[in-house]
Amino acid sequence: MGVNSNRVEDFSSQETTLRITTESIVPGMEIHNVCLPPKKTTLQKLKQRLGEIFFPDDPLYRFKNQTWCKKLLLGLQFLFPIFQWGPEYSLRLLRSDIISGLTIASLAIPQGISYAKLANLPPIVGLYSSFVPPLIYSILGSSRHLGVGPVSIASLVMGSMLSETVSPHDEPILYLKLAFTATFFAGLFQASLGFLRLGFVIDFLSKATLVGFMAGAAVIVSLQQLKGLLGIVHFTTKMQFIPVISSVFNHRDEWSWQTIVVGVSFLVFLLTSRHIIFNGLTQSMKRPKLFWVSAAAPLTSVILSTILVLCFKLKTHKISIIGYLPKGLNPPSANMLSFSGPDLALAIKTGIVTGILSLTEGIAVGRTFAALKNYQVDGNKEMMAIGLMNMAGSCSSCYVTTGSFSRSAVNYNAGAQTAVSNIIMATAVLVTLLFLMPLFYYTPNVILGAIIVTAVIGLIDYQAAYRLWKVDKLDFLACMCSFFGVLFISVPSGLGIAVGVSVFKILLHVTRPNTLIMGNIRGTNVYQCLGRYKEASRIPSFLVLAIESPIYFANSTYLQERILRWIREEEDWIKANNEGALKCVILDMTAVTAIDTSGIDLVCELRKMLEKRSFQLVLANPVGSVMEKLHQSKTLDSFGLNGIYLTVGEAVADISALWKSQP
């Protein structure tokens, strides 16, 4: 005779809560009671839940059981990571950081000028943005290899969003004010996310979304550079595929063969250098001279093209040049921040969008190189560091900056050891600002276009898109929506469409959770999906279903309909195969991590509906929080003595034994 063991007991009970059956699927199976979780007050539950949401890494664990002096030192190290590695800094590390700092400076200077042009800002603003932010990050940032400065995506988005409302050519002062104000709000948003530990907000930009968005942006940016590469004077300011292509062919009479020759020649040189850096890192590290020459290719291109134009300026008059760039340090721009007026909403929107994109890129790049060197990057501290440097940058004539993948890759492979490499880079930019600006007068705009194309072409990751197609079709749909949205509508709209598809995917998983019919793998106490394991088989008179999601108001109706359909299909299968009548439905709730009042109502209604049809409903392995809510709602009382079991195997064994014991 089977021994009933289904008694819900309090966790605080010290008794051994198991019973032994004499007849079961697996002989000698132990039948355990299902325990409630330890009792906690509402305040204790709230504290634990908030801790899990906002402090999953327990950042204050190092402060426990420490003296006040030690806590003060740990606090300084926590807020300013430079105090963590600074005391151990040595001349050997300095030598490596000087080499890497000068190497990324050779990349940062031409990139800064080029990306400012991409954002429709004066070229000098790009250099300003490569001076102040790296200094601030070197004090506040936790990554040793992140190369800080302007990036292509943030530059493109800022330029496209602001220029839709304000023309950078007709109203340059207003445009500059909006750019600095948007940078301030980007930094404020980033720092707030870090301070409030809300980093999960940026997770709504999924990998699939970013793959499509960056590819679309790269195509649009590259097409926009045809203006400089072909020497076109009158070019569209729109950022959509069709207007850009139309503008290229409608102004064929403005094409300049001199510009095309210079642009194509240096573009080939830059793409070859990029291939050496990013596709042959292992080989280039074995040959460091080749690596450094490749890393300095953008600066080399600027120098050579400038000399070329200067020497043949009479014959190259059709090649447009940068012209005058002012010397000197970053002028203060706090007086240019505008917190009122009709364009404030545009500045805030642009700041939030560019802030999210730059934050996503910066943290992803920092974590990538931290993993290669086996150290950790604190995401929330990175958000605060990047946010504060952008807020400070907005007051010193800088626009949105973050960690650049190209600079960080060069920094890493040049041997950077600490964030001092950013200080060295900023120092090199400072020297350039103070003494070398007149040398850029004859730098052709076409070379800036070639540098931009070289930088953004790496954002087209067709291999990642192919993997999305193979693995998850819905992710691939989000990727394509983002890609074509950017190409044919606008950059912000493409991003919005992609985020919408990603959110729809989340809602789809929540509202339409997966349910499975389970079978027993013979000779074991294991139950797995019948459609997945050929060894699994049905247990006569039992229907075992698994729910693989929390049960909320959003999916309770669907789950009720789906479970009833499973029962109907099982009855049809029984009739078709002349099997024994269905008597018991077991819900495996191992994957049901949470339940709300609508979910509890679903369980009650389902039990009543099955009871009317002479079926028994049994719950197997509900987790602690689910058990607690079922207990508090008195739902467990209606299940009787045989309604809750620790495992599916124990439920089948105990109920089968009880049926056999009945006359």
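Backbone N, Cα and C define each Cβ position, glycine as well.
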Message: Labelled transmembrane segment by TrEMBL, one stretch among 123-140, 537-554. Can you tell me which?
response: 123-140
Stretch contact, the transmembrane segment (208-235) with the transmembrane segment (476-504), Cβ-Cβ under 8 Å, 3+ pairs: yes
Task: Using Cβ atoms only, state whether the transmembrane segment (419-440) and the transmembrane segment (123-140) have three or more pairs under 8 Å that are 6 or more apart in sequence.
output: yes
Selected stretch (most C-beta pairs under 8 A with the transmembrane segment (446-464)) from 123-140, 174-196, 255-278, 476-504: 255-278
Message: Going by DSSP assignments with H, G and I as helix and E and B as strand, what are the residue counts for the domain 'STAS' (532-655)?
response: 62 helix, 22 strand, 40 coil
